[in-house]
Amino acid sequence: MSDKHPGPLVVEGKLADAERLKKESNFLRGTIAEDLKDGLTGGFTGDNFLLIRFHGMYQQDDRDIRAERAEQKLEPRHAMMLRCRLPGGIISPQQWLGIDKFAQESTLYGSIRITNRQTFQFHGILKGNVKPVHQLLGRLGLDALATANDVNRNVLCTSNPVESELHQEAYEWAKKISEHLLPRTRAYAEVWLDQEKVATTDEEPILGATYLPRKFKTTVVIPPQNDVDLHANDMNFVAIAKNGKLVGFNLLVGGGLSIEHGNKKTYARQASEFGYIPLEHTLAVAEAVVTTQRDWGNRTDRKNAKTKYTLERVGVDTFRAEVEKRAGITFEPIRPYEFTGRGDRIGWVKGIDNQWHLTLFIENGRLLDYPGRPLKTGVAEIARIHKGDFRLTANQNLIVAGVPESEKAKIEALARDHGLIDDGVSVQRQNSMACVSFPTCPLAMAEAERFLPEFVTKVEGILHRHGVGDEHIVLRITGCPNGCGRALLAEIGLVGKAVGRYNLHLGGNREGTRIPRMYRENINEEEILREIDQLVGRWATERTAGEGFGDFTIRAGVVRPVVDPAQDFWD
């Protein structure tokens, strides 16, 4: 990942069609407002199909009934998925009750999906409810601007309820970074909130008239927890504290997990260390990284457009020097930091401010009223009495934060009564995660969310059989190679290849600092479980004291570590 063969700063050639679309969109307006009035189709047409992503929505359909509807000569059952902008994942109980009501009354699935980017998604919003949901968010003090497409997406922040003051400072920076890098266009306010058109010309001083070459993801991380998986992100601010107070950030740039099956020009990559900056330079440096990627990112090939590929093409040193020049700063040497894990601390923890925080494990992040487990109703009941806030975590869990001692018993009783606390959940299940995939994701190649629960049960059985039932392996399943489930930072990562078939990756670590290598390609569940059974058996008997499964697979030579992904990811 050093400057081996620096390439051109700008890639010349025919621009990808997405660049035309953005240029002609009139700063993201397109004809969305007119399309909303078209009752002949349940979807958005032409360029609007992609433009709505800048407004936080993806057009989807129910893939379980797609073929049936085609036979009936009907268009797919179009519905939108909406993703809220929620930097740092903090939401008030009052806001929660508003989104809970909408999910129940105005979506096809009646669920709220907590995502591993610390926000929530609604699935199954019919076209007639699209404008009302944006207006509801507006009334709640929320929005969905820039949670998808070629912009800086929802900014993550480590969920650290214990060190309350440090977390609050880091969270404030996550919010500031999010606001600073937002699109300036008034399109969102005009289309969804009916704000009047202003007779001034739109300008995008940071993102530019054609926005970024590709999506861009940012985190604020508080060591020793790497719950946000910084190496999956383009730009990362690692908090450096002195006496419990935030003093600055280490900057790491160029992480990303998305690949394309069989395309060896694509690869997962860890972020590179750029250096340390004091707090006062944070926004200038964030802007400089984004504008450098804006100007140098590949706009001719979207498969090669992310920051990680720009870094590899121009060289880390060249990119870093440009950021220094644009921000008017010089990076100081990286300050020491260490990650020890990335899972959430499930259950009650007490903060240094004497407030209590309850982390609820939500399998797959899916809040729905299941038979005998009315999870969604339970969270709403807690919201009705809770005086603190809710925090959505990057592990798809929910923290009831800021609970005084006097309210603890009441909130725990509500959580238990609604199935939100289950003492029988294993540590393995708590450390397993999947993306949404079927039936709503149009990119899904294999099951993920619906596959995970039963698959984890089988893995639990393997662990128990080998006498390591109290241990865990970071396990992630993603339904396609785009990386949403962050399987390419797991100790065991399954990447969907086709229905019922996955690529099996091994060799990540618990801290999330190593890319796992593909071990077996295109295998089914039975074959995957056979491989896991054999390897867990070896791990249980051959491991050193405290050695994690991923570290063992590297040391034992089961897989070679990915050292320089641009060169050896596919070896």
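Quick reminder: no glycine exception, Cβ is built from N, Cα and C everywhere.
As given in Swiss-Prot:
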BINDING   Cys435, Cys441, Cys480, Cys484  [4Fe-4S] cluster binding site
BINDING   Cys484  siroheme binding site
Among all the protein chains here, how many other CB atoms are within 10 A of the CB of Cys435 ([4Fe-4S] cluster binding site)? 27
Remaining residues near the recorded [4Fe-4S] cluster site, that is with C-beta within 8 Å of the centroid of the site residues Cys435, Cys441, Cys480, Cys484: Val436, Ser437, Leu443, Ala444, Ala448, Thr478, Gly479, Asn482, Gly485, Gly496
For Cys480 ([4Fe-4S] cluster binding site), write down the residues of its own chain that are at least 6 apart in sequence and whose Cβ falls under 8 Å from its Cβ; none is a fine answer. Ser437, Cys441, Leu443, Ala444, Met445, Ala446, Val495, Gly496
Cβ atoms near Cys441 ([4Fe-4S] cluster binding site) (within 10 Å, other residues, all chains): 21
Listed in sequence order, the residues of the same chain lying six or more positions from Cys484 ([4Fe-4S] cluster binding site) whose CB sits under 8 Å from its CB are Asn116, Cys435, Val436, Thr478
DSSP secondary structure for Cys484 ([4Fe-4S] cluster binding site), reduced to helix/strand/coil, please. coil
